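Contents: one structure, followed by commentary.
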Amino acid sequence: MMRLSSTLRRFRWAVFATWLLLLVPSIYLALNQSSNLTGGGFEVEGSQSLHVQRQLEEHFPDQGASPLALVAAPRADASYEDMNAAVVHLEKLAAEVPSVKIVPNPQQPAPQPDRPYVITLQLDFNNTGAVDVAKQLRQKVGIHGEEPGESQNGKVKFYVIGQGALGAAATQATKHDIAAAEKWNMPIVLIVLLAVFGSLAAAALPLVLGVCTVVVTMGLVYLLSMFTTMSVFVTSTVSMFGIAVAIDYSLFILMRFREELRAGRDQQDAIDAAMATSGLAVALSGLTVIASVTGIYLINTPVLVSMATGAILAVAVAVLTSTTLTPAVLATFGKAAAKRSSYLHWSRRAEAAQSRFWTRWTGAVMRRPWASAIAAAILLLVLAAPAFNMVLGNSMQRQFDPTHEIRGGVNAAADALGPGALGPIRVLVTFPGEGDASSQAATTTIEAVRQQMTKAPSVVSVQPPVVSDDNDSALLSAVLSVDPEDMAAREAIDWMRAELPGVAGQNATIDVGGPTALIKDFDDRVSATQPLVFVFVALIAFVMLLVSIRSVVLAFKGVLMTVLSVAAAYGSLVVVFQWGWLEQLGFPRISSLDSTIPPLVLAMTFGLSMDYEIFLLTRIRERFLQTNSTRDAVAYGVSTSARTITSAALIMIAVFIGFAFAGMPLVAQLGVACAVAIAVDATVVRLVLVPALMAMFDQWNWWLPRWLDKILPEVDFEKPLPKIEVTDLVIIPDNIAALGPSGSDLRTMVRTAARMKTLAPQTISVADPLAFSGCTRPTTRLSTQRAGRPKAHTPGLHPVTMWRGRLSVAVDALQTEADTEQAPVERRGPVETTNVQLPTGDRLQIPTGAETLRLAGYLIMCRNTTKDFEDFARLVDLMDSHTAALVLASMDRYYCGRDPSNRWVATQLVRRLADPQPSDEHDVRMSGPDAAEDWEKVRQRCLSVAVAMLEEAK
């Protein structure tokens with residue numbers, strides 16, 4: 001991965017050009033991809049309903065289900081003339097559309113002012129183009145959004161209904177839902193990213209990658225839709241998962257990049273290190289999501305296959321953008337992405353540092369692992385319990401609000417022809433071999449079947465049989481007294497499939513189809529294959545975790561915990577939609593959940609949950625390989641990853657909830673389930689169950705049989721990253737960074753550092769043992785204490801505030817040196833500096849603590865002002881007098897004076913410090929009321945240093 005990252009960095013402009021070439025045509029394709037999408041796709045290969053549908057298309061050209069119809073619905077004040085004119089107008093509009101013809105319907109009476117009128121249409125080609133035709137008709141009759149068209153006087157409403165119209169309306173609704181969801185979730189995502197990174201440039205990177213992912217994926221969907229059936233719901237799936245996953249993946253890499261910068265790596269090495277760790281975890285997570293979602297293909301229905309394909313494409317493109325574009329972007333704009341804005345004060349803490357809160361949290365969980373694990377498991381089981389009351393169903397019409405024009409048109413058509421006339425049950429009687437459907441024996445069999453059909457529940461009438469054009473089969477159509485989507489219609493299907501084959505005997509085969517049978521077969525296929533999907537997805541997740549973590553126990557626990565997250569998501573669906581607990585928030589109460597949701601939620605949330613599992617466990621394993629301590633590894637992994645996982649989860653939840661509020665019921669259910677699963681997984685599971693169970697299993701967490709270790713492919717998380725040279729690098733530790741400097745401190749420090757670099761172009765970089773002298777809670781790694789000396793009690797400063805003071809003294813001294821022609825002392829060598837890492841990500845050169853003291857001493861000897869003594873005393877306050885004396889005793893090694901004798905410079909400085917006499921004649925009487933006391937403190941501090949210097953000279 002590091003080699004790939006290095007290559008992408010070097011050829012970043014080629015990477016940009018490649019993605020630009022992909023993005024430009026994808027924008028055009030994405031804008032037009034809805035023209036090839038369908039509102040159907042619920043056919044089940046090998047089912048009776050699909051067999052009947054195909055036979056109707058091939059051998060019953062006049063009996064095929066009409067994909068479209070026009071409806072004229074009169075108002076109460078409409079007249080015969082109004083209805084006749086409306087029907088003529090609709091027939092004229094239909095005639096203007098190519099490939100459309102009007103089919104007479106014997107069940108439809110003449111236009112009447114108190115009854116809607118239905119104009120049945122038929123296409124000259126298969127129904128694959130019905131959506132495009134429906135769009136043209138909707139535009140011609142004046143349908144706008146959810147409102148129907150109407151006649152010139154407004155007394156007759158116009159509707160377009162049928163499968164094609166459902167697809168056209170769903171396409172329009174999906175576009176509206178996506179726009180509404182993005183208006184809701186994009187600001188929230190941006191706020192979360194700004195809070196995480198504290199930088200607009202860093203926050204913009206994941207958003208740009210998310211948009212790029214969605215656009216390119218939409219273009220690929222368009223290309224696929226030219227060759228295979230793609231559902232209109234694929235656009236919502238791509239938008240939802242493309243944005244969420246791309247932002248999450250780039251977030252993982254970018255946060256690791258900033259962590260590596262804080263650890264002392266330069267920009268290029270930090271990119272490579274981030275890609276070798278988080279980049280590899282992203283690739284494995286993406287593969288896991290893709291492999292999990294492929295389980296949907298086992299159901300093998302076009303609508304689910306197309307939604308799964310959209311999700312797979314979105315995740316694949318997200319992985320590609322994150323692992324190829326991110327290194328290139330960081331190589332070009334890494335400095336801007338690493339900086340934190342001084343105005344975003346809430347985001348000043350380093351993102352990859354160990355959190356004290358999460359360290360304490362993990363410690364508390366691991367001290368009581370059994371109690372923590374049992375409490376978390378009980379909570380998850382309580383959340384999952386409502387899932388036992390789940391009721392599944394399917395309804396395309398239910399995807400629209402009751403006030404939508406589609407629902408209004410269907411209701412009007414039901415008033416005109418009866419509710420069952422819109423979706424009659426089709427019974428196909430086939431005579432195998434060289435059968436003759438027109439023979440006397442066949443006619444007798446067909447009539448017996450017809451008579452038996454009249455006895456089925458909810459059947460109103462059975463139309464006379466129609467013989468196929470090849471004379472091998474006959475078609476019987478039964479009209480029901482209920483809507484085709486009513487449960488009573490399904491009972492009629494079951495009754496016919498159970499009773500009619502016995503009547504036909506051995507000489508004929510019976511297939512029952514129609515719209516109701518089509519949806520019923522779909523639901524039955526989903527229910528029958530869902531256990532297989534679960535086993536497949538769980539096995540895939542187990543294998544991917546096993547390869548990534550190389551632990552049988554951790555892989556098994558990961559799968560088990562994800563199952564609990566999915567179960568909690570199922571329970572939330574029942575609570576929100578079936579029980580209507582959140583009806584006040586706009587989630588409608590429904591009698592049954594969409595049957596497509598359980599397998600989609602299972603596969604997608606299983607894959608997405610693996611993101612956090614792999615990200616957390618690889619971090620824990622990385623630490624375990626260094627320390628060989630499970631508890632330390634868990635504490636480190638959770639404390640360093642919790643903030644990243646929480647931030648990523650918040651982003652995903654925001655995206656999913658946005659679609660839940662703005663989407664059609666199917667999309668809303670998917671959004672709610674995924675949001676709950678991610679929320680539970682990122683909190684209860686990853687931050688409670690994971691540390692608790694790992695503490696319980698201890699060394700068993702890493703158990704892997706030798707034979708399995710030999711056959712598993714190597715995923716080299718163990719490869720050590722390049723060592724960091726930090727001999728002269730000073731990084732603000734976390735317990736100090738929390739204090740936070742003001743924005744003015746940061747800006748002043750950066751400007752002053754630039755000024756110092758101009759005044760002292762020749763510097764030497766050295767380590768700074770006084771880096772944190774005077775700061776609250778200095779780190780033992782970078783601070784030193786003289787043996788036998790008590791620790792000084794100094795006021796707590798933020799390092800940036802202290803370093804800004806250093807720079808101010810240095811610039812003052814260097815400017816004075818440049819302006820003075822005959823100074824009493826002259827500098828012998830370059831200024832000693834050290835490198836500091838700011839909370840913004842900037843690296844600056846500042847004078848060391850010792851060099852700052854010497855520069856302050858130089859100002860006292862050359863300028864000798866009150867301010868010089870006050871600055872000197874302030875510097876000494878941040879350490880102790882003895883440390884200052886040790887530094888200043890060696891002044892003659894850095895400065896030479898008029899008298900070349902030994903220690904002349906130090907001696908002159910002692911004289912000035914022992915009796916401060918400022919050249920500006922400091923007069924305490926002209927100052928404030930506390931001036932005398934303050935000046936006396938300055939004199940005493942200077943005197944203490946002078947005395948200490950004399951003692952050191954002895």
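Every residue gets a Cβ built from N, Cα and C, even glycine.
Note that the structure is a prediction, hence the values are computed from the model and not measured.
What Swiss-Prot says about this protein:
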| type | residues | note |
| --- | --- | --- |
| TRANSMEM | 11-31 | transmembrane segment |
| TRANSMEM | 188-208 | transmembrane segment |
| TRANSMEM | 214-234 | transmembrane segment |
| TRANSMEM | 235-255 | transmembrane segment |
| TRANSMEM | 279-299 | transmembrane segment |
| TRANSMEM | 312-334 | transmembrane segment |
| TRANSMEM | 373-393 | transmembrane segment |
| TRANSMEM | 529-549 | transmembrane segment |
| TRANSMEM | 559-579 | transmembrane segment |
| TRANSMEM | 597-617 | transmembrane segment |
| TRANSMEM | 648-668 | transmembrane segment |
| TRANSMEM | 670-690 | transmembrane segment |
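Proximity of distant same-chain residues to the transmembrane segment (597-617), defined by a Cβ-Cβ separation under 8 Å and at least 6 residues beyond the stretch ends, is recorded for 241, 244-245, 248, 252, 278, 281, 284-285, 288-296, 299, 304, 307-308, 311, 315, 390, 392, 526, 529-530, 533-534, 537-538, 541, 544-545, 548-549, 554, 558, 561-562, 565-566, 569-570, 573, 637-638, 641, 644-645, 648-649, 652, 666, 669-670, 673-674, 677-678, 681-682, 685-686, 690. Two recorded stretches are said to be in contact when at least 3 C-beta pairs lie under 8 angstroms, sequence spacing 6 or more; the transmembrane segment (373-393) and the transmembrane segment (235-255) fall short of this definition. Spatially, the transmembrane segment (312-334) is adjacent to the transmembrane segment (235-255); three or more Cβ-Cβ distances between them are under 8 Å for residues at least 6 apart in sequence. Of the two recorded stretches, the transmembrane segment (11-31) lies close to the transmembrane segment (214-234), with three or more CB pairs under 8 Å once pairs fewer than 6 apart in sequence are set aside. The list of residues near the transmembrane segment (559-579) in space but at least 6 beyond its ends in sequence, with Cβ under 8 angstroms from a Cβ of it, reads 377, 380-381, 383-387, 389-391, 538, 541-542, 545, 587-593, 597-598, 601-602, 605-606, 609-610, 613, 665, 669, 672-674, 676-677, 680-681, 685, 689-690.
When Cβ-Cβ distances below 8 Å are used as the criterion, the transmembrane segment (670-690) is approached by residues 236-237, 240, 358, 361-362, 365, 372-373, 375-377, 379-380, 383, 557, 561-562, 564-566, 568-570, 572-573, 576-577, 587, 597, 600-601, 604-605, 608-609, 612-613, 616-617, 634, 638, 642, 645-646, 648-649, 652-653, 656-661, 663 of the same chain, each at least six residues removed from its ends. Count of Cβ pairs under 8 Å against the transmembrane segment (235-255): among 188-208, 529-549, 648-668, the largest is for 648-668. Note on the transmembrane segment (529-549): residues 281, 284, 287-288, 291-292, 294-296, 298-300, 555-556, 558-559, 562-563, 598-599, 602-603, 606-607, 610, 613-614, 617-618, 621, 708, 712-713, 715, 717 of its chain, located 6 or more positions outside it, place their CB under 8 angstroms from a CB of the stretch.
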